[in-house]
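The annotation SUMO2 cross-link is assigned in Swiss-Prot to K277 on the grounds of similarity to another entry. The domain 'LisH' feature in Swiss-Prot is assigned to 4-36; the stated evidence is sequence analysis. Per Swiss-Prot, the feature domain 'F-box-like' maps to 41-86. Under the heading repeat 'WD 1', Swiss-Prot lists 167-206. The repeat 'WD 2' annotation in Swiss-Prot covers 223-262. Sequence annotations record features per position, and here Swiss-Prot assigns repeat 'WD 3' to 264-303. If you look up Swiss-Prot, you'll see 306-344 marked as repeat 'WD 4'. Sequence annotations record features per position, and here Swiss-Prot assigns repeat 'WD 5' to 347-386. According to Swiss-Prot, the repeat 'WD 6' annotation covers 389-437. Sequence annotations record features per position, and here Swiss-Prot assigns repeat 'WD 7' to 440-479. The repeat 'WD 8' annotation in Swiss-Prot covers 481-513.
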Amino acid sequence: MSISSDEVNFLVYRYLQESGFSHSAFTFGIESHISQSNINGALVPPAALISIIQKGLQYVEAEVSINEDGTLFDGRPIESLSLIDAVMPDVVQTRQQAYRDKLAQQHAAAAAAAAAATNQQGSAKNGENTANGEENGAHTIANNHTDMMEVDGDVEIPSNKAVVLRGHESEVFICAWNPVSDLLASGSGDSTARIWNLSENSTSGPTQLVLRHCIREGGQDVPSNKDVTSLDWNSEGTLLATGSYDGFARIWTKDGNLASTLGQHKGPIFALKWNKKGNFILSAGVDKTTIIWDAHTGEAKQQFPFHSAPALDVDWQSNNTFASCSTDMCIHVCKLGQDRPIKTFQGHTNEVNAIKWDPTGNLLASCSDDMTLKIWSMKQDNCVHDLQAHNKEIYTIKWSPTGPGTNNPNANLMLASASFDSTVRLWDVDRGICIHTLTKHQEPVYSVAFSPDGRYLASGSFDKCVHIWNTQTGALVHSYRGTGGIFEVCWNAAGDKVGASASDGSVCVLDLRK
């Protein structure tokens, strides 16, 4: 590669001319002796300087975002840089560290945060917050007041009611109970998923099956060394699907055997769900696409390339219709066989972290880094409710298994939201109001889960605590402090055990029976 000063000067001269700086161009041309150069200006295309600068900028962006082997750095998409950012010293190292910090926040894997939370105890008491919205159209709910609630008695779960499962060698990001038996699946940064057998029929205590996520290299299976980011059981409890940062989804039997490997994503998989019928699996990836897979053949039925940035979450509305959300701030509702979204919801002003259909499939809830929770209906383009009460990013949401179309039809439907502001909020969506604000946590809350009867809500935070709340009163009824920040909480089908996965590699099972 060679660059002469005459060539640089000519491109600058042409840029000044094309930009209307005629006097500056004349002066610069005289001082740099442009007329004496042997460059044929007729062969140089317009905007040549801008074009070559853009290519250089793209090269710096690639340096920041792509490893030497061509893979995305930390599985992140190429970030757009400004020209000034690109010429700053150490831009590659600075931006890569920023990526690591962002990833640490999203996955709550920052050891520093865990250490900071070690000696913190919840001193704030539980509160109740209600706010009134407008009667017609979209409801905008603001935080009006908080009344602190008393905690009833000693709520600490004794150690003999908590089983700590160890085996993972890195953070355990996710866990999920088998819907028909006491098998708990967990997924970790150690590139494994595990199936823990917690049935009381086992004479030797809990046992584990290790599901090693491998890729083919040189004709051999080698560990992928990538995080297991998502997992989901089918409704019959016979198969477990996992998604990984290596870009592959996998289907396993409950005995731990690999049944299928699903490979069409071009980057990490962030979310993965079975449909109720159990014939399709839906996945969302950093490659901006979502894919419906045939669970029987392992083949992709349809890929949906509608997002303009990484897809973060998906949820089925029916057996062939689903919603997806993205860092592009959009929500698409898509149907198998349709080549365009059947509905697009826009209104969030930052990344949309999670979406969930209510039990009837009529209302879709979404939460975002813009600190809002929105409720959408297929019957209209604008949101039905715009719920504003959290003062930091909302990480996840869950609907209660109550109301019409559920096994608990006489109980009111509720929505829970978990935020980086360390609070959990319970919402009455029909009225568009916050009915309880749960304020015991001291660090970001990453997971919430309703018990099967909807009477209790479990929450897990990076303060290492799992709290169990009464959904009717908002009272804290059980509390457990683990040894690592909590990423995920989940209830078993019987509603008497809560599983929790943690940043220190542990998986906890809390027995809530008397």
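Each position is counted from 1, following the chain as shown.
The backbone N, Cα and C atoms fix where each Cβ goes, glycine too.
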Near the Cβ of the residue listed as 'SUMO2 cross-link', how many other Cβ atoms are there if near means within 10 Å?
13
Counts of helix, strand and coil residues, the repeat 'WD 8' (481-513), according to DSSP:
0 helix, 18 strand, 15 coil
Same-chain residues at least 6 beyond the ends of the domain 'LisH' (4-36) whose Cβ lies under 8 Å from its Cβ atoms
44, 46-50, 52
What residues in the same chain, six or more past the boundaries of the repeat 'WD 1' (167-206), come closer than 8 Å to it by Cβ-Cβ distance?
107, 109, 212-213, 223-233, 235-237, 240, 242, 244, 246, 252, 254, 256, 484, 487-493, 497, 499-507, 509
